[in-house]
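Asks: Provided herewith is a single structure, encoded as structure tokens, for subsequent inquiry.
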Amino acid sequence: MGFMDFLSNLGSGSQLRRLRKVADQVNLIEEDFQGMSDAELREQTDTFKERLEDGEDLDRLMPEAFATVREAAVRVLNKRHFDVQIMGGAALHWGNIAEMKTGEGKTLVGTLPSYLNALSGDGVHIVTTNDYLAKYQSEQMGRIHHFLGLEVGVILASMSPAERRIAYQADITYGTNNEFGFDYLRDNMALNSEDLVQRGHHFAIVDEVDSILIDEARTPLIISGPAQDTHEWYPVFARMVRSMKRDQHYEVDEKKRTVAISGAGIEVVEDRLGIDNLYESANTPLISYLNNAIKAKELFKRDKDYVVLGDEILIVDEHTGRTLAGRRYNEGLHQALEAKEGVKIKDEYQTLATVTLQNYFRMYDKLAGMTGTAKTEESEFQKIYGLGVIPIPTNMPMIRIDQRDRIYRTEEAKYKAIIEDVVLRHEDGQPVLIGTASVAKSELLSGMLKKEGIPHEVLNAKQHEREAAVVAQAGRKGAVTVSTNMAGRGTDIMLGGNPEFLADLQLRKQGLDPVETPEEYEAQWPDTLKALEEQVEAEHDEVVEAGGLYVIGSERHESRRIDNQLRGRSGRQGDPGESRFYLSLSDDLMRLFRPEVLERALIMLKVPDDVPIDSKSVSNAIESAQKQVESQNFEMRKNVLKYDDVMNRQRHVIYRDRRRVLDGADLSEQLRDRAAEVVAAVVRQHTVGIPEDWDLEMLFNELKTLYPVGLDQEEIEEEIPTQEKLVEMFSDDVCRAYDEREETLGSETMRELERQVLLSVVDRNWREHLYEMDYLREGIGLRAMAQRDPLVEYQREGGDMFIAMREASFEQIIGMLFNLQVNQPEPVSVGVVTDAEGKPEDVLAKAAAVSEGEAKPRRAEPLVKGLGGKREENLTYSAPDESGEATTSRDDGAKKPARKTTTSSSGGGNRAARRKKARRKR
């Protein structure tokens, strides 16, 4: 054990003692709450709120609040929080990660800190990995909170803005990380305060925190809209790279997930396209298509990284095996995959708003998380999020047996050994769970099991709708389940079956629902659950006798946490269990770290394919490889965060300004000052040097495009005041014009015009800035060749671009405020008029009425056509797992690369023709 590990364990010990005290305090007062009636228990919520208002803090309330929730859980769910669950709840309340093994009841733990922190009225967000878990947990755990008088909401992908707004107004809101993040972005694209759905970021509890804050940390949440693009190049390059050879025409770095075209490859492309120089400015957009085509061919495997369903490419989450419906890779990569598979190529999209999960979750005043596997990433949680990791003891001793890995020379021998093992276990009635790394591997194993006549269930990215039902029954006698990575599955595997899941399923079949028919559902729940528990108990004993759940890993994941999550499915709550990993030298992890030497040694020793290697040194080498990949991924995530922090600071400035506008702040004084600053800058630009060299006519002409100038040009030319005097004169003049504009339109109309113009210009320029920053980020690495730090250069240039964008925005805003033609509103509604020149783009949709039965608020029509109110069509919400591959620059849509021959200035036709001629001569 290293010194840092020793210090970490020492700290964990003192933290556990502190948590133990909380559990002891709750136990001391438990009988007091057991003696209360339902009404008295429910009244505790109001009492706690009053004590908070009187100045008492949450820490003082914690033991009583936890005791209240524990007793409510007993009465509603027939579940009593174990002491270790009380400890876990306290760890979460204090802003830590509670590492609790699978089966220890993390979902129930979340009810404790969520109730306590919801008492302040600021709202609590409970973050899950998918919609199913968000809905299921909000319904089941929500029964406890409803019993205690709190409102519970859930955010689902299919919900309307009005439904989301209601859910966020609840005391506790469940949802996925992506939905919370997208709602944040949509709120910051809204054109009216009525469109806002979230109400702040007070406290978040993240379930499967390592999956969300580590595995997906490089994943930017992106809202994008259609961009101009040409589809013709994607199939051209898809056909071209099929005949190109790896290591001859291009190189691939699988660890970094990048590609690089070689000189020979460049020649092939230039010959095929008939162009002279691929790297001429007119042809550089083609490089994007080429790189994406190579990536699609070499780095993205069908049925592993994506699946083809009908006429659509669906991304597969590498950590969970789920398809990510509605998500698309950006920068043209998704189109390259569509061209590769021969399906319809859909439009490329332009980024409208983006944020990384790292920076989204760092906005919360308090953050906490739960997982079964976090200790290996403790350093990253602390450095990035300021989160400590506290391992919570198990309620019952862990007695699972983790067998040593079996390593085979070939993949065929490995799978044959797995099937033989499954057959033996199945004959004994022992349930088996086989974890695979991809959809293709799960289907391969399924086919082999069918040949052996072994009944089984397959759970992969193509069948995720059934996942909860399949996993809930994976512990039944003789059950065999083949599944892609188990991370984030969220449903407990209980030996003999899961009675809670079965009870809920049975009641739903009877038309009862905890949300729609809560009273009838609660009335039927105790008897239904009791009957199913009796039914499951007998089978549970038989499965225990057979050895418990046997988990087989068909290969090692690059992350030890994913392997531990798979193993952790077995041995819950003191049950017996067993796990083993089967490996081959051709597995992805092994292949990345040159297994050729070991393979040659095995061949020389004449070791048969079906004889496993049982070597501690090989197992240690595998663990070392995993640590190496984990370290590399951590560095990549840190690097992404360093760059995104630059964007994050800029994002906060833009979103803060937008929110002030939406909140109805009077910005007239600020805009008058900005108008004076804009005019002063123009004056100084045209009055450099001695007065005789000033071009006052050009100055007046430019200022007249901004606002109606009231000064007399001839008088100024006669007097020729100093530069500062001239600045003062024009600054006063533009303020005079601003006041006249307001007097003409009326104060109310002027404020609305200011609001609409500000939002339109800021949004349009922010989008363009996002594109420019992407472009800068793509090429900034080359600065290292000039001995410059790319990050420092990105910070400097990105800052300069942001300042320039802001200055340009204010100039456009001032010009539009003076030049847009506005029809005077009629007494009842606001008229719509035509824009002058340069229509700003629209951004987001109108929201529905706030709640059912409430009259829909009448919203003012845009004062100027194109400004506000209209929904942006065809938005795409993307959060792909990029796996570290480099993004490619893209065409801005204004230009399309022309498919034509570029003539060389040296004569003799294009380069391809010259090479062909030279070969004939040889």
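Including glycine, each Cβ sits where the backbone N, Cα and C put it.
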Asks: Looking at ATP binding as recorded in TrEMBL, which candidate out of ASP428, ASP492, ASP504, ASP513 goes with GLN85, GLY103, GLU104, GLY105, LYS106, THR107?
Replies: ASP492
Asks: Work through the binding-site residues one by one (GLN85, THR107) and point out the residue whose CB has the fewest other CB atoms within 10 angstroms.
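Replies: Among the binding-site residues GLN85, THR107, the sparsest Cβ neighbourhood within 10 Å belongs to THR107.
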Asks: Determine which residues of the same chain, besides GLN85, GLY103, GLU104, GLY105, LYS106, THR107, ASP492, have their CB within 8 A of the center of the CB atoms at the recorded ATP site, and list them by sequence.
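Replies: Counting only non-site residues, the set is MET100, THR102, LEU108, VAL109.
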Asks: Please list, in sequence order, the residues in the chain of GLY103 (ATP binding site) that are at least six apart in sequence and whose C-beta is under 8 Å away from its C-beta.
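Replies: Once residues fewer than 6 apart are set aside, GLY103 (ATP binding site) is near ASP492, ILE493, MET494, GLY568, GLY571, ARG572, GLN573, ASP575.
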Asks: Mean pLDDT for the domain 'SecA family profile' (1-614), rounded to an integer?
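Replies: That region's mean pLDDT is 86.
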Asks: Within 10 Å of the Cβ of ASP492 (ATP binding site), how many other Cβ atoms are there?
Replies: 21
